Amino acid sequence: MAASAAAASAAAASAASGSPGPGEGSAGGEKRSTAPSAAASASASAAASSPAGGGAEALELLEHCGVCRERLRPEREPRLLPCLHSACSACLGPAAPAAANSSGDGGAAGDGTVVDCPVCKQQCFSKDIVENYFMRDSGSKAATDAQDANQCCTSCEDNAPATSYCVECSEPLCETCVEAHQRVKYTKDHTVRSTGPAKSRDGERTVYCNVHKHEPLVLFCESCDTLTCRDCQLNAHKDHQYQFLEDAVRNQRKLLASLVKRLGDKHATLQKSTKEVRSSIRQVSDVQKRVQVDVKMAILQIMKELNKRGRVLVNDAQKVTEGQQERLERQHWTMTKIQKHQEHILRFASWALESDNNTALLLSKKLIYFQLHRALKMIVDPVEPHGEMKFQWDLNAWTKSAEAFGKIVAERPGTNSTGPAPMAPPRAPGPLSKQGSGSSQPMEVQEGYGFGSGDDPYSSAEPHVSGVKRSRSGEGEVSGLMRKVPRVSLERLDLDLTADSQPPVFKVFPGSTTEDYNLIVIERGAAAAATGQPGTAPAGTPGAPPLAGMAIVKEEETEAAIGAPPTATEGPETKPVLMALAEGPGAEGPRLASPSGSTSSGLEVVAPEGTSAPGGGPGTLDDSATICRVCQKPGDLVMCNQCEFCFHLDCHLPALQDVPGEEWSCSLCHVLPDLKEEDGSLSLDGADSTGVVAKLSPANQRKCERVLLALFCHEPCRPLHQLATDSTFSLDQPGGTLDLTLIRARLQEKLSPPYSSPQEFAQDVGRMFKQFNKLTEDKADVQSIIGLQRFFETRMNEAFGDTKFSAVLVEPPPMSLPGAGLSSQELSGGPGDGP
């Protein structure tokens, strides 16, 4: 029995000293020498996989109390919670347990009091709170030296002060024991320091057994999963499986490093998914804002009685994307919370692996394992792709009636509707018939929100409903709200509706899946009458209302456009498309024309094939409805309510400061006031009653602008817009080039002196005609000059009454203008600088 105990003691001493046991030899030494490098590699791998966003603050949190933010020191009795956050014992309050038994052989286990973590608010039992051994050696060096000075020899029972320290045995020795240590054959080769702290080879402070006060914890009992001393292993842990400290540390570090690497890879995926969700939320918000602007541009064109009904429909349409946005918000919130938790676990585990405190690592491995396994079991749903949403509208889509304005119909392709069939005659889907297949789910009528039909003869063609519902595959009842659509402000609508016109209808065509975006269609209530379906009257027949266009709010995938014309998308990224669809004869629509090019809001304006407009042939649009009448360029245009000419704000004379109202008329159509009523004492030559020459009176200014605008819009005058070939004008020289751009600049007082009389204005125009006549030798051009002079005289006579301007249409002597030398772009306010 004694021999067996001696053998066990020798084996324990061998483990503590680090010398190779029987049969190990140099190979065992090599194995131990590679263990630190393997642990360092695993630690480096964990550090590489740890999040970079932690920074110094996250690492500082590991060494500071989560409550008082003070640095954790041994005298503050740091405690480690199961969530791997640390706090002072005093900050945790009475629920904090006393220091647990290091060897696991005794000590109070604590009660079942529930404690809230001061950092992450997770609840845990007080018995699960352990001492933070990583912070055990964080005290000042002075305190450490003072403690080492009081260390007694552990090899004898004399309690003599220790003067030396054996590195292999990790024991403080007195002078007598040092001599005995060097005489024994087994220990004579040990490294003995004359003085120094009681630390092991790795530089960490030795932890002593609570039962055997002088015995260090040098063994790891696998059966009890705890550190033991040699005496405890021979007594309380007899016949248990155990490992030497170095072997246990090496094995546990490998396991922890593997778990940290796995969690690091999963955390990287979570970070990517979180960024994608955040990006998706921003994109959904941006799409909503963009579509909201597009819808406002269309809503401003329709009639004022649509205001009341339109608000209800827009509020219903907002539910189209609401579900997806709320789901993404919840998913992002959950992912962010899990991400922060995993970041802390990774930081703590990496910090523990990088630490050289093997004892603390083994004592805390349960908590670390638990959190790593728990984090690995968390399942994060993948980010679902979202589609592209567009807004398309037809300029001539709006109707005259706001009573029973329409409805929202939800259709899901590939699903069969189990609800009652809508009480309406057969309708053709129109231009959007290929945008989705499947049945239409009628809306459920809700009390207080029905669309009353009144006396409208065509109102019975559509069910009057407002509830936004949709059916799911395999379900017989309607459930779920449509996802959110952009909000549209209708306060600026000022429209005139008549009771004998058919209201438009709102329809929602959902995507192919539950997550796809939906399609909202605004069409005339009687549009089915012109589609040529059996049972309906074709367009143009008696009793059939005219076919109207459609305004479409469109949400679709980027590369799978639903029903968009070939010109509506270019490249992989689609733009919002403003479609100008044709309307039947007699239909009236809004007057804001933006037919081609790009508008200020980024809308791409296209004209689908086969469409026509008043004044144009089949498949084409009239030039007056596509480009500016003055500069012949597209862009943001305003349309005259009478002549239907389109102008840029700067091209019109006088220049427009803001977008005019619906009933706006250009200067060519505007009725000018009587000269005598406005001018008073001013005569046609611009002189007042005192004889002092002044600039044009307001009435004469308006008349000259009207005549000049007529010249700009007159097609034969197109070559006269800018005759100057140089970059600057040179009117101060005889024969200087003169064109409509310069005349416009002087009329708008961009050149001085401005015109003081209509006669002076007429002289400049006549001089321009003569200069152009000198530049050409073609007889046709000469005849056109004569025709232009007659056109100008006619316009002047119409504006100024019976006054004859033939006498002043002669070339006056050259005049030097202070504005000479200005570039044409500085002088031109319209033809050359349209939007």
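Any Cβ shown, glycine's included, is placed from N, Cα and C.
Of the candidates K296, K365, K400, K770, Swiss-Prot marks one as SUMO2 cross-link, and that one is K770. Checking the candidates K188, K272, K337 against Swiss-Prot, the annotation SUMO2 cross-link falls on K272.
As annotated in Swiss-Prot, SUMO2 cross-link applies, among K289, K308, K484, K507, to K507. Of the candidates K141, K185, K238, K554, Swiss-Prot marks one as SUMO cross-link, and that one is K554. As stated in Swiss-Prot, the feature motif 'PxVxL motif' covers range 481-494 out of the listed 481-494, 775-788, 803-816. Candidates K254, K695, K703 were compared with Swiss-Prot; the annotation SUMO2 cross-link appears at K254.
When the alpha carbons of K127 (SUMO2 cross-link) and K366 (SUMO2 cross-link) are compared, the span between them is 14 angstrom. Counted within 10 Å of its Cβ, the other Cβ atoms near K366 (SUMO2 cross-link) come to 13, all protein chains included.
The shortest Cα-Cα distance between C209 (Zn(2+) 2 binding site) and any of the recorded positions H181, K319, K750, K774 is the one to H181.
Highlighted in sequence order, T154, S155, A160, E171, L173, C174, T176, V178, A180 have their Cβ within 8 Å of the centre of the Cβ atoms of C153, C156, C177, H181, the residues recorded for Zn(2+) 1, and are not part of that set. Across all of the zinc finger (204-245), the predicted model scores a mean pLDDT of 85. According to DSSP, the secondary structure content of the region 'Interaction with MAGEC2' (247-376) in residues is 120 helix, 0 strand, 10 coil.
There are 16 other Cβ atoms within 10 Å of the Cβ belonging to K750 (SUMO cross-link). In this structure the C-alpha atoms belonging to H237 (Zn(2+) 2 binding site) and K750 (SUMO cross-link) are separated by 104 Å. Residue with the densest Cβ environment among the recorded positions H237, K340, K770, K774: H237, by other Cβ atoms within 10 Å.
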